[in-house]
Amino acid sequence: MYVFPKISLRPEVENYLKESFLNEEAVSASSRQEAERKFETLLLRLSHPPSLTTVRVNTHLGSVQHVRGLLLEELQKQFGESSIPVVQHPALPDVLLIPMTGPRKNIEKQQCEVIVGAQCGNAVLRGAHVYVPGIVSASKFMKAGDVISVYSDINGKCKKGAKEFDGTKVFLGNGISELSRKDIFNGLPDLKGIGIRMTEPIYLSPSFDNVLPSYIFLQNLPSTVVAHVLDPQPGEKILDMCAAPGGKTTHTAALMQDKGEVIALDKILTKVNKLKQNASLLGLHSIRAFCFDATKALKLDTTDGIEGGPPFLPESFDRIILDAPCSGMGQRPNMACTWTLKEVTSYQPLQRKLLHVAVQLLKPGGVLVYSTCTITLAENEEQVAWALRTFPCLQLQPQEPQIGGEGMVGAGLTLEQLKQLQRFDPSVVPLQNMDTDSLGEARREDMIWLANKDCIGFFIAKFLKCQSTKEKVSQK
C-alpha cells in the first residue's frame, strides 16, 4: 500500500523517462506491459523513503563493533524498550543498517499545522526533526509546546509566513513545536535550531542530529559501494573530482588507512569548507580539498597552479572517482521534481567533459569509477558506451562488491558489459510495511537483501586505463 502518490514530474520529463525505460531492447527483453509496470512502480518508489538507514563507520577512529555498541546505546535512549536492530553488512564491512518502521497509520491529524519545504519534508521522512529554516508557514495561534501536524509543500506553492495553505500538501506526521509562530517568523534571520520535534512521524527512523559525529557518516547504501569498488591502497594518490559533501572522499581516505593523498575538488566554496570540516571531524589528514572546477583540472602547459593542487599534469593519479553532477532523479524520497526537460537533459555534455579530463589525469593501469544518483539511460549506460567508443585506452571492469543489478538495455552495450555495471533500481522490490513487531521477527538475511534492493536509484561503472594518453595530450 503506497501512502504517497507517485513522484510529480512535468509531462515532458515523464514522457522522456518513459521512452528510455520502454526502449526497443527493454520491451523485446520482456514485454511492453511489463516494462510499463516496472516504470510506474519506479515512479511510486521514488516518492517513498528507503526501508533502511545506512550508516558508514569511520574505521579510522573506531572498530565497527565498538561503534555498533555506541549506536545501540544511542538508539535505546531514543526508543526506550523498543528493540531496533543494527546489522553489519556482510559485503560492506564498514556499513551498518538500521531499519525504519512505517508507514504508520492512524496518526491523528491536528488542527494546528506547519507547512515545510519539500527538501525539509524529505529529510523528515528519513528521521530528521524540522529545523526553523525549513518552515514555510504555521497556523495563526501556534505556541511553543503545541502538538502540530507537519505537511510538505511538495510543489513549492506556499508563501513564506502564510497562516494557512490550501494547496497540495502531504502529511508527514505530528510533532511538538519548540517555538511559537511569532518566534519563527519575527525572529532573527539566522535562527537555525529545531522548530518542530517530531514525535509521531509517518516513517519512524532514528534521528542522527549530532549523534557520534566523529564515528559515523550517514550515506546512502550505493554511495558506500563506490569507494569499495575503487579499492584504494595505502600510499596512492587519488582524485575525487566532484567531491562535496565528502562522503566518498572520507570513505576513500579511511580505506587507505589515511596513508597516501586524496585530492578533493568542488567548485562551490561553501561545500569545500563543509568537506574540510567533515574530514577534520573524522580525524582524516590525507585529504586536501580545493575550490576548483574539475573540467579545468588538466594542466596543458607549464603555468603554475596551486602548489600541489589543481590543475594537474597528465597521468598524475592512481585512481579517480567521478561522482558526476547529474539530474538526481534517483534520490528518495522525492515527491515532486519541477525541472524542465532541458534541465534534466543538460548534464550529459558536462559529464563527458569531466570524463575527458578524468581519462587524461589517470595513470596507465589506473582505475576510474564513474557514478551518478540518477536513473536516466542518457547519464548512465549511454555514457559508458560513449566512453568506450571515445577512449580506446579504457576497459570496462567487473566490480567488487557487486550489490546492484546489471545495467539497463538500450544503449548498445553487450550483455557481458551490462553485467559489469551496477544499477540500483528500487522498482525491483515492493513497498514494505514494517512495524516494531515485524522488526523483532525479521531475519538478518532479509534485512540485508532489502537494504540492497530498496535504496536510492544509483549507477556505478568501473574502468581500467590500459595505455598512456600522454602523446595525445601533447599533440593537442
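Cβ atoms here come from the backbone N, Cα and C positions, even for glycine.
Taking all protein chains in view, 22 other C-beta atoms sit within 10 angstroms of the C-beta of Cys373 (active site, nucleophile). For Cys373, the entry in TrEMBL reads active site, nucleophile.
The S-adenosyl-L-methionine binding site annotation in TrEMBL covers Cys242, Ala243, Ala244, Pro245, Gly246, Gly247, Lys248, Asp266, Asp293, Asp323. Applying an 8 A CB threshold to same-chain residues 6+ apart, the list for Lys248 (S-adenosyl-L-methionine binding site) reads Ser223, Val226, Ala227, Asp240, Ile321, Asp323.
Among the features that TrEMBL reports, domain 'SAM-dependent MTase RsmB/NOP-type' is placed at 141-466. Taken as a whole, the domain 'SAM-dependent MTase RsmB/NOP-type' (141-466) shows an average pLDDT of 94 in this prediction.
Cys242 (S-adenosyl-L-methionine binding site): 22 other CB atoms within 10 A of its CB, across all protein chains. When the binding-site residues Ala244, Gly246, Asp293 are scored by other C-beta atoms within 10 Å, Gly246 scores highest.
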